[in-house]
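**Student:** What Swiss-Prot records for CYS387-CYS412, CYS395-CYS397 is disulfide bond, and it gives similarity to another entry as the kind of evidence. Positions annotated as domain 'Bulb-type lectin' by Swiss-Prot, on the basis of sequence analysis: 31-159. Annotation comment: Swiss-Prot describes 356-437 as domain 'PAN', evidence class sequence analysis. Look at Swiss-Prot and you will find ASN43, ASN125, ASN180, ASN243, ASN396 tagged as N-linked glycosylation site, backed by sequence analysis. Per Swiss-Prot, the feature signal peptide maps to 1-28.
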Amino acid sequence: MRGVIPNYHHSYTLLFFVILVLFPHVFSTNTLSPNEALTISSNKTLVSPGDVFELGFFKTTTRNSPDGTDRWYLGIWYKTTSGHRTYVWVANRDNALHNSMGTLKISHASLVLLDHSNTPVWSTNFTGVAHLPVTAELLANGNFVLRDSKTTALDRFMWQSFDYPVDTLLPEMKLGRNRNGSGNEKILTSWKSPTDPSSGDYSFILETEGFLHEFYLLNNEFKVYRTGPWNGVRFNGIPKMQNWSYIDNSFIDNNKEVAYSFQVNNNHNIHTRFRMSSTGYLQVITWTKTVPQRNMFWSFPEDTCDLYKVCGPYAYCDMHTSPTCNCIKGFVPKNAGRWDLRDMSGGCVRSSKLSCGEGDGFLRMSQMKLPETSEAVVDKRIGLKECREKCVRDCNCTGYANMDIMNGGSGCVMWTGELDDMRKYNAGGQDLYLKVAAASLVPS
């Protein structure tokens, strides 16, 4: 009697498909080799180690397309199983694909995105020397990189998406620029709308000229908000940064680059990103894998006093006074009539002229957002006492402060023009010393 021979082939095939359906991440990859391609039709994606980020194609709604067709983009998003998909990077934001046809592949040591007619719509355009073969890789931190076969260092890339931010700053990304002029300036630029990733009206950019560096939020070319200068611990105009216990802020200022970045410390379950929204707010957003709902941790401009130059020169904004704009002691409204009508943008003027000598004094204002630094000079070698003496000798000096607040304070910042865009905080601000006429120091 012949026995029954089990059909193991069909059993293994069935088991394979069960595993594929239940555990798709087991078969996911984070690399793209020269003989591979990602296409819209294949619906294939790259998934980062740790399953946090995913790279692939996505489309926006047809109402954003003048010709009524779908617009397709190559992007990176958080890989979550529920909720609204959150995009953190878009390759071809200003050059969409149409007709549901697009291909990403490696060609001549560069990543190239081709449309339906095999015309490039986006490319990394690498022009250096590369050792073939070249591989593209989506890293655990969300950085999409291109590296050659002889690169052994984990942080050496031919090209990386972190050098080309869109509207989102992730941990380990940088905003700023190289001092030698090489590379692009790294800024955040909003989407045109919540469903249109093309370049929008708002940007967040680091001022890298001179010795003091601060971020500006711009609406096209118009300044909307200023963070205040970096003071060794945080940006002076963001006191709440001192309460960001799980975020390590880093500011790099050397002969190679000027840049800001951050990392999330001690709790890798928390995911954090900075986002320049299409409505004009710089947002700090957090979420966890266990609770995928997004939490708006912080957003600015936060209030009226955050608005750029809302009170004009020689005036400061205080959310705890009415009106919120106040002339500095020793100054009066430049236009009293407009001031009474709550139009305070003209600011204030001195009630008594400076004598440019020993007759002048200094008014200490505590918990302040320091004035705009475009008219400031810096001397890192001296402290506050020497800074005061230097300001006394300079008839153009209008005020001074410490450059760095660490270890009791160091460095000298001295203003030689109008003092503008100031505000007073309850806590977390900085001491500012304003030069005033002796008559203004007499108790009223």
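Here, residue 1 is simply the first one shown, and the rest follow in order.
Placed from the backbone N, Cα and C atoms, the Cβ positions cover glycine too.
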**Student:** Of all the disulfide-bonded residues given, CYS387, CYS395, CYS397, CYS412, which has the fewest Cβ neighbours within 10 Å once its own Cβ is left out?
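**Tutor:** Taking CYS387, CYS395, CYS397, CYS412 as the disulfide-bonded residues, the minimal 10 Å Cβ count falls on CYS395.
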**Student:** Just give the helix, strand and coil counts over the domain 'Bulb-type lectin' (31-159), going by DSSP.
**Tutor:** 3 helix, 53 strand, 73 coil
**Student:** With an 8 Å cut-off on Cβ-Cβ distance and a minimum sequence separation of at least 6, pull the same-chain contacts of ASN180 (N-linked glycosylation site), or say none.
**Tutor:** LYS256
**Student:** Quick one: give me the count of other CB atoms within 10 A of the CB of ASN125 (N-linked glycosylation site).
**Tutor:** 11
**Student:** From the Cα of CYS397 (disulfide bond) across to the Cα of CYS387 (disulfide bond), what is the distance in angstrom?
**Tutor:** 11
**Student:** For a quick check of packing: other C-beta atoms within 10 Å of the C-beta of ASN396 (N-linked glycosylation site), how many?
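**Tutor:** 13, counting other Cβ atoms within 10 Å of ASN396 (N-linked glycosylation site).
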**Student:** Around ASN243 (N-linked glycosylation site), which residues of its chain at least 6 apart sit with Cβ under 8 Å of its Cβ?
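**Tutor:** ASN243 (N-linked glycosylation site) has no long-range Cβ partners.
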